[in-house]
Amino acid sequence: MKTSAFFIAVLLILSCSSSMIMGVSYHENRCHDWVDCAIWCKQWVPQPKCINRVCDCKPKSLPTNDEIPKSASSSSKN
């Protein structure tokens, strides 16, 4: 009985420590607003989003050539 309790305790400790070593924490990316996400993302994202209390660290996608107005293009024909 003591050995099985000891074995379960060892497995519990190993599972917790392995997730800490690998940097996996399921509660760190929880957020209330974009300020919490700015701390969690650790990269420069102008205003990361907090969607369903989970941080979205992806930067906004750049506009494609079709989305850029013709007046904003710098190409000129001579």
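In case you wondered, yes, glycine gets a Cβ from its N, Cα and C as well.
The signal peptide annotation in Swiss-Prot covers 1-19.
Under the heading disulfide bond, Swiss-Prot lists Cys31-Cys50 (among others), citing similarity to another entry as support. Cys31 (disulfide bond) falls within neither a helix nor a strand when secondary structure is assigned with DSSP, and so counts as coil.
What Swiss-Prot lists as disulfide bond is Cys37-Cys55 (among others), and the listing cites similarity to another entry.
Annotation source Swiss-Prot lists disulfide bond at Cys41-Cys57 (among others). A 10 Å cutoff on Cβ-Cβ distances gives Cys57 (disulfide bond) a total of 14 other Cβ atoms nearby, all chains included.
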Tell me, in order along the sequence, which disulfide-bonded residues from Cys31, Cys50, Cys55 have their CA within 10 Å of Cys41 (disulfide bond).
Cys55
For Cys50 (disulfide bond), which residues of its chain lie six or more apart in sequence with Cβ-Cβ distance below 8 Å?
Cys31, His32, Asp33, Trp34, Asp36, Cys37, Asp56
If you draw a 10 Å sphere around the Cβ of Cys41 (disulfide bond), how many other Cβ atoms fall inside it, taking every protein chain shown into account?
18
